[in-house]
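Read through the structure below, which is laid out as structure tokens, and then see the notes.
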């Protein structure tokens, strides 16, 4: 993996990430393909939105279809017919989400499969082995996502466990001679001193890139902003910086301004399936009756397949009728919106115009789509 910084404006960075399956211009948004597919999208349609890289889920692919199936195809790229880069998360967040169904120990996490109830055990070493079989361009260390709320002692204990797992992840990744990139994940809850301790220890281990984890897990927006503002500028300058699971268009603009290079979130795809669509001038709830006879496109400034070919009235009809095509067209639009958003941010950084661009973005979004 190579990472090149091409331009900076304040803390914001314009870069290029070179990976085994291609290059990624940053800041970049990564659509989430949990089960080896971005919901309601073909790989060709996903590429047409401008997606340079997508995210796969180690935990879910391990459970279904299973590693033997993916391995028989030579890895996740051929299995899902996606020839661009893939990042896989480690499974830590999904295990965290199981709640009472899982038991965390020093060795790893015991849990009941959400599919058939089978007893399973996921460790840092197993996560690295799974991600090596998947052959993702970027793998993530196995960590514990610190819950919110957490006391300082609780967050410290969780963070220290994640650091021990980070060391084990690094060692196993190297033992497997995985040629791809491995990213560390900074934890520490809502406490700046713990974030600093986590980052220092991860930096000492050494990773290809560094992610900020444990945000957008239910904490107030002001806490997320505070931890982001504290942590982002302290991440190693010559490595890509990844803000996990975030977020809204406004979150992405704020993250870029803070120096973040990579983002992922289910929001554009999940919202699309629920009829919540993003536009330059605010959000549209396509199910609302006001769109029943509206012949306009969702967003006249958008060049996506949906906006070039279909009216709001048609999308309203599809949503009301429960047609699968509605989810497909909505997802195409939302993902193209996110790719356009990050492309414009890249251009603004290169032009030294990010501050005024961000101000225009906020003004436009507050106008309200009509």
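In case you wondered, yes, glycine gets a Cβ from its N, Cα and C as well.
These come from Swiss-Prot:
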- 89, 90, 91, 92, 93, 143, 187, 214: substrate binding site (BINDING)
- 89: active site, proton acceptor (ACT_SITE)
- 245-251: region 'RNA binding' (REGION)
- 264: active site, nucleophile (ACT_SITE)
- 269-273: region 'RNA binding' (REGION)
- 302, 304, 307, 333: Zn(2+) binding site (BINDING)
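Within 10 Å of the C-beta of residue 91 (substrate binding site) there are 24 other C-beta atoms, taking all protein chains into account. Taking CA atoms as the reference points, residue 92 (substrate binding site) and residue 264 (active site, nucleophile) are 16 Å apart. Apart from 89, 90, 91, 92, 93, 143, 187, 214, the substrate site neighbourhood in this chain, defined by C-beta within 8 angstroms of the site C-beta centre, holds 95, 96, 140, 141, 142, 144, 145, 162, 185, 213, 244. For the region 'RNA binding' (269-273), DSSP puts the residue distribution at 5 helix, 0 strand, 0 coil.
Among the residues 89, 90, 91, 92, 93, 143, 187, 214 said to bind substrate, no two Cα atoms are farther apart than 15 Å. Under the three-state DSSP scheme, residue 307 (Zn(2+) binding site) falls in the helix class. Secondary structure from DSSP puts residue 92 (substrate binding site) in a helix.
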